[in-house]
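To start, the structure under review is shown below, and the notes come after it.
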Amino acid sequence: MKQQTTNEIRQMWLDFFKDKHHKVEESASLIPNNDPTLLWINAGVAPLKKYFDGRVIPSNPRIVNAQKCIRTNDIDNVGKTARHQTFFEMLGNFSIGDYFRDEIIPWAYELLFDDAWYGFAQENIYITVYPDDQDTYDAWVKAGIAEDHLIRCEHNFWEIGEGPCGPDTEIFYDRGEAYGPFDLSLVEHDIENDRFIEIWNIVFSQFNAKNGLSRDEYPELPSKNIDTGMGLERMACVIQDVPTNFETDTFMTIIHGIERYANQPYNGQMSYKVIADHVRTVTFAVSDGAVLSNEGRGYVLRRLLRRAIKHGKSLGINHPFLFELVDDVIAAMGDFYTYLTDQKQLVQKVIRLEEEKFFETLSQGEKILDEIITTNASKTLSGEQAFTLYDTYGFPLELTMEMAEEAGFSVDVDGFHHEMNKQKERARSARKNLVSMNHQNEAFINFKEQDEFTGYHHLREETTVLKAFEEGVVLAQTPFYAESGGQVADQGVLRTDDQEYVVQDVQKLPNGQFIHLLDHHDLRDGDPITAIVDEETRRLTMYNHSATHLLFAALREVVGSHVSQQGSNVSSEAMRFDFNNYDNLDDDTLLEIERIVNQHIQEAKDVDISEQTIEDAKNMGAIAEFGEKYSDKVRVVNMGTTIDLCGGTHVENTGDIEKFAIASIESKGSGIYRISGHANASIDNIRQQFVGFHKEMDKLEEKAHKIVEEAHGKGIELSFEFKRNSTIIGSYQDVINKRNEFAELGQIVRDLDKKYQELSKQQTMENTDQYLAQKVGNTLVIKTQDIDKNSLRPLADSLMDHLTGGFVFIANITGDKVTFIAKSQNKKLHAGQIAKQAAVICGGNGGGRPDMAQAGGKDITKVDDALHAVKELIQ
């Protein structure tokens with residue numbers, strides 16, 4: 001057996017099958033392309049399904065690949081076992097109706113045993129076959145495998161429900177007595193062990209499974225296929241003769257990187273393995289366009305990073321470091337996956353931001369968890385406690401479970417999910433929709449008769465009431481769009497011969513019908529009725545909805561293809577679009593996005609809307625969001641620059657939109673940002689968001705004039721002038737200008753106030769001699785008028801400098817209130833007590849230290865009485 005690096009093992013696989021006239025298929029992205037059924041590409045065959053199910057005919061029916069895969073259903077086993085990983089590479093060779101058993105088995109023998117290739121010793125290889133698959137058994141014997149190295153196993157049959165299926169044959173490598181006693185029953189019964197390692201599986205897809213038939217009755221497929229998979233990391237472990245996958249060259253490069261930061265060298269510790277695996281997974285996933293978030297694949301990545309951070313702490317690493325390990329992942333795998341280098345800065349930035357964010361909350365959350373553990377005698381964390389850690393401190397449930405397990409505690413997982421569901425229910429109740437009603441109203445659930453939506457082509461419909469409910473009615477045909485896909489419902493009225501009903505809202509019932517919600521009605525099933533949609537509202541909504549599609553396309557063009565829709569809301573008044581990104585967008589980026597949208601509008605492209613099968617739509621390049629449920633037929637909206645699956649209402653030509661303006665951007669947390677904007681006539685609504693701005697500017701100007709007036713009253717000359725921009729807001733540049741104008745005015749007023757304070761203080765200090773003329777010995781009690789509060793204490797300090805060992809008391813009247821300042825260097829005169837007594841006389845309160853105090857009063861008619869009392873106290 002040759003000693004080879006992981007890169008050499010992979011390349012040898014590709015080269016071997018390339019010599020057998022296979023096309024080398026580049027690894028697909030880890031993020032499934034238009035396949036909402038998959039969270040990640042999790043098998044070598046996954047991106048090739050289009051060939052096996054006949055949707056696409058391959059240019060060459062022989063394919064070989066090295067496919068990146070992510071499986072996260074067993075995260076907790078990473079580091080505990082020898083071979084569990086979240087990211088792995090699957091080497092595969094495939095025949096789409098071309099070669100079959102008679103070709104692949106001799107090739108497999110050649111690849112495994114020939115010295116020109118992997119060169120395994122035959123005594124180390126054991127092979128399993130399905131008991132009824134005599135053809136495969138005979139083919140292995142004919143190739144040269146000894147019969148005592150062939151094992152018949154019942155589990156060697158690949159079948160998932162109805163459809164293509166067939167026997168498979170698995171190749172195992174015997175690692176010898178160092179990894180356990182010789183016991184072939186481990187292989188025969190498919191028992192996990194460290195001695196016999198499965199390195200290759202070959203599936204003969206030759207039958208068509210059908211319910212009700214036994215396997216020996218399955219009909220043969222007219223076109224037979226080969227699907228094989230060889231785990232690259234397992235092969236490397238075997239060929240490099242190391243205990244686990246984590247000691248292979250690829251992992252050791254990353255582990256050596258971890259050693260730079262850890263307080264202990266690698267000696268098989270689980271934490272090293274977890275960190276190495278998780279940072280490798282995140283590096284590849286983010287490089288392929290995945291984004292951290294609180295749901296779906298983004299949540300998986302966030303969980304992996306937080307788990308790696310926690311394991312870093314167990315190695316004494318208490319600062320962000322995972323982002324530095326991206327260099328080591330690239331050093332290990334960048335020769336083959338060269339694009340990793342191009343994505344390095346992006347990946348490091350994403351990981352570092354997540355680390356910094358988590359370190360902020362981790363420490364506090366750990367303290368809370370430690371406190372719960374140390375004070376909990378039941379050895380169980382309640383679901384409420386676990387949920388508080390998740391909701392308040394960002395602790396994933398899995399991390400809480402790990403830390404609790406380390407302390408000998410369990411977690412009430414069911415209780416946690418109960419709390420989670422309670423929160424979701426609270427959120428649902430807060431929304432204005434029919435969700436709760438749909439769940440509770442049995443009449444809605446049982447209503448199955450279908451209506452017809454005609455609103456794509458008509459805004460008025462002569463129809464009948466299909467079903468009357470207390471809350472509203474379902475019509476046989478309706479032009480009203482029901483709220484869905486981010487677009488709000490149409491507005492309008494329902495008319496009978498003698499009555500008009502204003503439609504408050506239109507929602508979808510559990511079985512898909514449109515219910516028109518009415519304040520009140522006396523309609524009955526079968527009543528004739530005219531449904532009329534408000535044309536102006538519909539038209540404005542269409543402008544905003546079509547502009548939203550162009551905005552999404554511009555975002556992907558300017559910010560990156562990783563951008564995906566996280567939510568939207570489209571109405572006649574505005575649109576808002578939620579998307580994922582690693583950072584907020586600066587003004588220049590938003591201006592460029594707005595420019596591109598308006599460019600597409602000015603190009604006046606026809607909007608093509610068609611119904612397609614979901615597969616045809618995907619083949620057109622239509623964007624399908626993960627998690628969305630689509631029927632067999634979907635509506636495709638093609639604006640030339642963007643193709644989307646969308647059931648909403650749209651313009652016929654992008655030129656109809658006329659103009660688009662971005663109004664604002666805001667962070668919604670967890671890497672989600674929201675752009676608000678307006679199209680066509682709704683752009684006028686941008687001014688509404690500046691109503692508050694204008695009111696604040698009015699207040700600032702009022703404050704400035706008041707400062708100038710007060711200053712004039714004190715003989716201080718100040719002036720204020722500011723000319724507002726009267727431009728009508730119609731673009732994001734106008735928004736920026738208005739925002740800058742507000743900031744400029746605020747700075748001018750702050751500077752004016754600061755100058756006034758300085759001049760007022762200077763004026764106050766210039767009167768020191770005048771005040772000192774009223775002293776009695778080394779005590780001074782004075783009454784002042786309208787001295788700025790920021791000048792009172794400095795004045796008291798200045799006066800005290802001239803009264804060593806003495807006492808200063810100032811009563812300053814401003815408007816209808818009085819402020820008392822007392823300062824004492826005389827131990828017999830307690831400043832706080834004296835100030836308090838003066839304040840009580842004037843109907844106020846306050847006090848302070850023996851050497852310094854401040855108090856206030858509301859009755860300025862008693863100030864002279866208060867000063868008289870102070871003089872008596874200090875005599």
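The chain as shown is numbered from 1 upward.
The backbone N, Cα and C atoms fix where each Cβ goes, and this holds for glycine too.
According to TrEMBL, the protein has these features:
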BINDING   His545, His549, Cys646, His650  Zn(2+) binding site
DOMAIN    4-689  domain 'Alanyl-transfer RNA synthetases family profile'
Name, in the order they occur in the sequence, the residues of the same chain whose CB lies under 8 A from the CB of His650 (Zn(2+) binding site) and which sit 6 or more residues away.
-> Met542, His545, Ser546, His549, Val607, Ile609, Val637
C-beta crowding around His549 (Zn(2+) binding site), within 10 angstroms = 27
Densest Cβ environment (other Cβ within 10 Å) across the binding-site residues His545, Cys646 belongs to His545
Segment-level pLDDT (mean, integer) for the domain 'Alanyl-transfer RNA synthetases family profile' (4-689) = 90
Inside 8 A of the center formed by the CB atoms of His545, His549, Cys646, His650, which other residues of the chain have their CB, for the recorded Zn(2+) site?
-> Met542, Ser546, Thr548, Val637, Met639, Asp644, Gly648, Thr649
What does DSSP say about Cys646 (Zn(2+) binding site): helix, strand or coil?
-> coil
